[in-house]
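Everything below concerns the one structure shown next.
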Amino acid sequence: MPKRTDIKSVMVIGSGPIVIGQAAEFDYSGTQACRVLREEGIRVILVNSNPATIMTDPEMADATYIEPIATPILEQIIAKERPDALLPTLGGQTALNAAMALGEAGVLKKYNVELIGASLEAIDRGEDRELFKKVVDEAGAESARSDIAHSIEEVDKIAEKFGYPLVVRPSFTMGGLGSGIAHNEEELHRIAGAGIHYSPTDEVLIEEGIEGWKEFELELMRDRNDNVVVVCPIENVDPVGVHTGDSITVAPCFTLTDREYQKLRDIGIAIIRGVGVDTGGCNIQFAVHPDTGRIIVIEMNPRVSRSSALASKATGFPIAKIATKLALGYTLDEIRNDITQSTPASFEPTIDYVVTKVPRFAFEKFPGADPTLTTSMKSVGEAMALAGNFQESLGKAMRSIDKRHMGFNWDGEKPSAEEVAELLEAIHTPTEHRYLQLMRAIWGGATLEQVFAATKIDPWFLKQIFLINETAMTVREAETLTPRLLKKAKLAGLSDVQVAHLRGLGDEGENTIRELRWTYGLRPVYKTVDTCAAEFDAATPYYYSCYADETELRPREREAVIILGSGPNRIGQGIEFDYTCVHAVQELGKDYDTIMVNCNPETVSTDYDMSDRLYFEPLTFEDVLEIYEAEKKMGPVKGVIVQLGGQTPLSLAARLKAAGVPILGTTPESIDLAENRELFGEVLKKAEMNAPRYGTALSLEEAKEAAHRIGYPVLVRPSYVLGGRGMEIVYDDKQLNKYVDRALAEAKADTVVSGRLPSPLLIDKFLQDAIEIDVDALFDGEELYIGGIMEHVEEAGVHSGDAACTLPPSTLSDDQIRRLREGTYAIAKGCHVQGLINVQYAFMANTLYVIEANPRASRTVPFASKATGVALAKAAARIMAGETIADQRANGLLLPKGDGGDIHPGQQVAVKESVLPFKRFRTPVGKTVDILLGPEMRSTGEVMGFDRDFPHAFAKSQLAAYDGGLPTHGNVFISVNDTDKRQLPLIAVRLEELGFKLWATEGTASVLRRYGIESNIVDKISTRVDTDPEAPVEVHHAAGSVGKNVVQLIEEGKIDMILNTPNSRGSRSDGYSIRAAAIAADLPQFTTITEFQAALLAIEAVKHNDYQIMSIQEHSKQLFELERREF
């Protein structure tokens, strides 16, 4: 059945900012959808609030709106663009919920917009827990015994009926948000309360606990002729109880019998038909009892999901692309398989290799968070590996996580019987470190029966891990490493580093092991992902390594450039770096063969048809060097780009160069120069530029001496960090003592000598009340091109990745911008930059300070590119390949005159706001971790507000980042520190003028009273200074108060917005309870005066209700006209 001819234009809704449970996989699926629609001659209208996405590039759609995914905004875009259809199944839960809201508001009917990909009824049946249960029953399948609740009273009645443990699953949420396993009434009330709150329909499913069962997933697709294919079965190594996003998963399934698999297939096909998904795909999760084989259907997603991206990359079967074609009316047998070019999409993929996905976590960013893995997803990223067997695949995946000690290690003494007993107790609870603890227990002598009893991980997987340990012990104890034994180690997934450690050679022994391996002629070969287990030839070069006999690499003629990706998403290194890598691939592909190396299944860069060759491999020195050596034999290689993928590839630069690999762009020596305190200090001295006073310290005594010389407050951090890891603002000696004690405790015991750290702490003067600025620029050795000057909304002290910022800057003078331009030129010249550089500055009392410089792509490059209409990363890639800025001006990649540092009258304003994952991270007793922002980055994603002025743009950024955006009336609670009290009267008067009622603690209320401003007094909550914020609180009843504290008022829904600026770190726990309650209630809250002042401007803009809705194509045209007029 050919495609429908009545659909001429389609609106695609993206997934918005990167959050836990909904990450880069939806940029991948949305990008595929846009490409397919445009290939089919359909006009594409795209809406997404995330600027760090390839799908929001202007060439991906005819009209691209970087706007909040909110019903009023979506209606304005629909009214303007009049699409024939809406495709919501490729933007995750956000897009699905937005489509449902548009349907319920009557917008789709009003503008005659048809929903394609899945009907409202199908979405409802798949997402509504009660309706889905009926579908499962009608399919002849079984659900866990369950009931629906909309209140805690209903929850209690269900608990009486079923008993404990119970699983709580909210309707219409993603990543298991608000879900959990309750073992008693207290846990049930906490989890179910959160679930009802986070469900848009205030609905939770309470079901019998099935912890310990085996968990499986099926990815299915169905067309309008009722053809159904199972794209990929996936098995979770962790049993039911751990969210699939937090579990190690594998394909194909290893522990299902053929009969069980056929039964899952039959149930899955019946369910996709019963739900009514007839032009797209879905994901269905199952539980199988390990002893009886009883099958229970857990849930389904009637859309492209996180697992869809994994299944696509695992098999080479492009689910999002095919789902889009099905939504247009094609049938599976009419769609060609891109990889084979000779089989239709109705042929189910077959794989002859093993795929393993390992999650990456960020608990270190959230002190106090409960590290237990449950049904609510907590991982921030994932890595995938392909190999010839499970052991090799697991080893590759674990080292792909790019986290210290994430691979198995056998360092130190063999665990004692006492330690084994402790480890067996520890692995009862699933955590990030469970598999490392499990391996140590096995090394120490734990039996398979003991490990199975503790974890309920299927014995087949445990046997494989036992075999890895057995091989490791053979390597450790052998007299010599024979070719046979070394190959056995490689087949068991052991890296050269791991083998070196087993042989007692340490990290430095990696080169020795590699040289020995090469002497033996033992090198990996590269196999092709072909969707058909080699039954047909593959037309697309998509490779993975394994230790087999024959390589499938083919010779090439053009010179090649290898681009190293950023690996798994993490806080501090996310989708922004994949964006820059993809731009480099797109641009350099015009003149070179582009070779992409990455291990993240969520990203656009790992799409099989994005680059000329794709290697799905770990980003380690060993793996990258092997790829370079293999590619050299296939054709000429110009060099490797390490500047675009963040810290991961950057950290490999020096070693790759030393091994003879040409590094394109800024040299490793120049990268080190910018990160070396003394050398960079010389660059600044020569340029006559200021830096905050600083010192270094290896001990507490040295740290105190430096802090006293510099003067408190100081910013303390370890050497060489990404995302502000370990940074803290320290206000006194007592706090400094704690920081150094913690640093000593975290360092390896054998590296601490006489209370001295192995590497120095960096101590800087903290610039209080300074204006912080980010500058992104290009440099070719002679000419500088400013990509963007971004002014932070918060004062210095909040990590640049968490701070809101505006482009163009809103308060900087022409003279200040001139000084920033001159400073950036001097630094780029002094550091010998060839490509991108990011410099962070601060203005304090109009004195310019340089905070740091990074000679690489920064996380603000996509934002600056979208705000200025210039593809900075594409130009950077060409400069790294040897071209000049003048060349880029001539070829149209850069503006013919001027640059992104110029401000034009009438120019649109862009505001970037960060999105934080605090609601995901709770303490063991169920409270959210503290949200206070500081120098350590904690955000997972970002949004962009785009409008004619700062207030409107900031208002949009808040609407995009937080459900409902900013309130326009209601009650505001204010509690500020002593320093901020002098600014309080003006803020209070403005709030009154805007129609808000004020609530305050006694101290703040008394200040307001002196200025004739009345407020409602609430009781103060205080905790003992420097104690655990979980500690019991003392309630102080204030004279004239309403008899309640602010937490009680928040819980009663009587507070609409909060301003709570804390004092120094020691007393910051005072506001913890307030901030935790506000997070639980989804209230907008501000912890700095400057951001609250910005919010007041935005609230006034919201009240006018006159947002300007403009596509980025229209914006670029307007910007071009302004520049042409000016120059």
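Placement of Cβ uses the backbone N, Cα and C atoms for every residue, glycine included.
Residues or ranges marked as region 'Carboxyphosphate synthetic domain' by Swiss-Prot: 1-402. The ATP 1 binding site annotation in Swiss-Prot covers ARG129, ARG169, GLY175, GLY176, GLU208, ILE210, GLU215, GLY241, VAL242, HIS243, GLN285, GLU299, and the record cites sequence analysis as its basis. Positions annotated as domain 'ATP-grasp 1' by Swiss-Prot: 133-328. Annotation source Swiss-Prot lists Mn(2+) 1 binding site at GLN285, GLU299, citing sequence analysis. Sequence annotations record features per position, and here Swiss-Prot assigns Mg(2+) 1 binding site to GLN285, GLU299 based on sequence analysis. The Mn(2+) 2 binding site annotation in Swiss-Prot covers GLU299, ASN301, and the record cites sequence analysis as its basis. The annotation Mg(2+) 2 binding site is assigned in Swiss-Prot to GLU299, ASN301 on the grounds of sequence analysis. Per Swiss-Prot, region 'Carbamoyl phosphate synthetic domain' is recorded for 552-962, and the stated evidence type is sequence analysis. Here Swiss-Prot flags ARG717, LYS765, LEU767, GLU772, GLY797, VAL798, HIS799, SER800, GLN840, GLU852 as ATP 2 binding site, drawing on sequence analysis. The annotation Mn(2+) 3 binding site is assigned in Swiss-Prot to GLN840, GLU852. What Swiss-Prot lists as Mg(2+) 3 binding site is GLN840, GLU852. The Mn(2+) 4 binding site annotation in Swiss-Prot covers GLU852, ASN854. Residues or ranges marked as Mg(2+) 4 binding site by Swiss-Prot on the basis of sequence analysis: GLU852, ASN854. Per Swiss-Prot, region 'Allosteric domain' is recorded for 963-1127.
Features as recorded by Swiss-Prot, highlighted on the structure.
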residue: ARG129; record: ATP 1 binding site; Cβ within 10 Å: 23
residue: GLU208; record: ATP 1 binding site; Cβ within 10 Å: 16
residue: GLU215; record: ATP 1 binding site; Cβ within 10 Å: 23
residue: VAL242; record: ATP 1 binding site; Cβ within 10 Å: 26
residue: ASN301; record: Mn(2+) 2 binding site; Cβ within 10 Å: 23
residue: ARG717; record: ATP 2 binding site; Cβ within 10 Å: 19
residue: GLY797; record: ATP 2 binding site; Cβ within 10 Å: 22
residue: HIS799; record: ATP 2 binding site; Cβ within 10 Å: 21
residue: GLN840; record: ATP 2 binding site; Cβ within 10 Å: 19
residue: GLU852; record: Mn(2+) 3 binding site; Cβ within 10 Å: 14
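When the Cα atoms are compared, GLN840 (ATP 2 binding site) and GLU852 (Mn(2+) 3 binding site) turn out to be 5 Å apart. A separation of roughly 9 Å, to the nearest angstrom, links the Cα atoms of ASN301 (Mn(2+) 2 binding site) and GLN285 (ATP 1 binding site).
Considering only the binding-site residues GLU299, ARG717, HIS799, ASN854, VAL242 (ATP 1 binding site) has GLU299 as its nearest partner by CA-CA distance. For the region 'Carbamoyl phosphate synthetic domain' (552-962), the predicted model reports an average pLDDT of 89. The Cβ of LEU767 (ATP 2 binding site) lies under 8 Å from the Cβ of PRO692, ALA796, GLY797, ALA842, MET844, TYR849, each of these being in the same chain and 6 or more residues away along the sequence. In this structure the C-alpha atoms belonging to GLU215 (ATP 1 binding site) and ARG717 (ATP 2 binding site) are separated by 42 Å.
Its Cβ placed at the centre, GLN285 (ATP 1 binding site) has 20 other Cβ atoms within 10 Å. A 10 Å cutoff on Cβ-Cβ distances gives ASN854 (Mn(2+) 4 binding site) a total of 22 other Cβ atoms nearby, all chains included.
For GLU299 (Mn(2+) 1 binding site), other Cβ atoms within 10 Å of its Cβ number 18. When the Cα atoms are compared, HIS799 (ATP 2 binding site) and ARG129 (ATP 1 binding site) turn out to be 40 Å apart. Farthest C-alpha pair in the ATP 2-binding residues ARG717, LYS765, LEU767, GLU772, GLY797, VAL798, HIS799, SER800, GLN840, GLU852: 18 Å apart. Calculated from their C-alpha atoms, the gap between GLU208 (ATP 1 binding site) and GLU299 (Mn(2+) 1 binding site) amounts to 14 Å. In the three-state DSSP assignment, the secondary structure recorded for ARG129 (ATP 1 binding site) is helix. Comparing CA positions across the binding-site residues GLN285, ARG717, GLU852, the one lying closest to GLU299 (Mn(2+) 1 binding site) turns out to be GLN285. Put simply, ARG717 (ATP 2 binding site) is 44 Å from GLN285 (ATP 1 binding site) when counted between their Cα atoms.
In the three-state DSSP classification, GLN285 (ATP 1 binding site) falls within a strand. ARG717 (ATP 2 binding site) is 13 Å away from GLU852 (Mn(2+) 3 binding site) when you measure Cα to Cα. Across the structure, ASN854 (Mn(2+) 4 binding site) and ARG717 (ATP 2 binding site) are spaced 17 Å apart at their Cα atoms.
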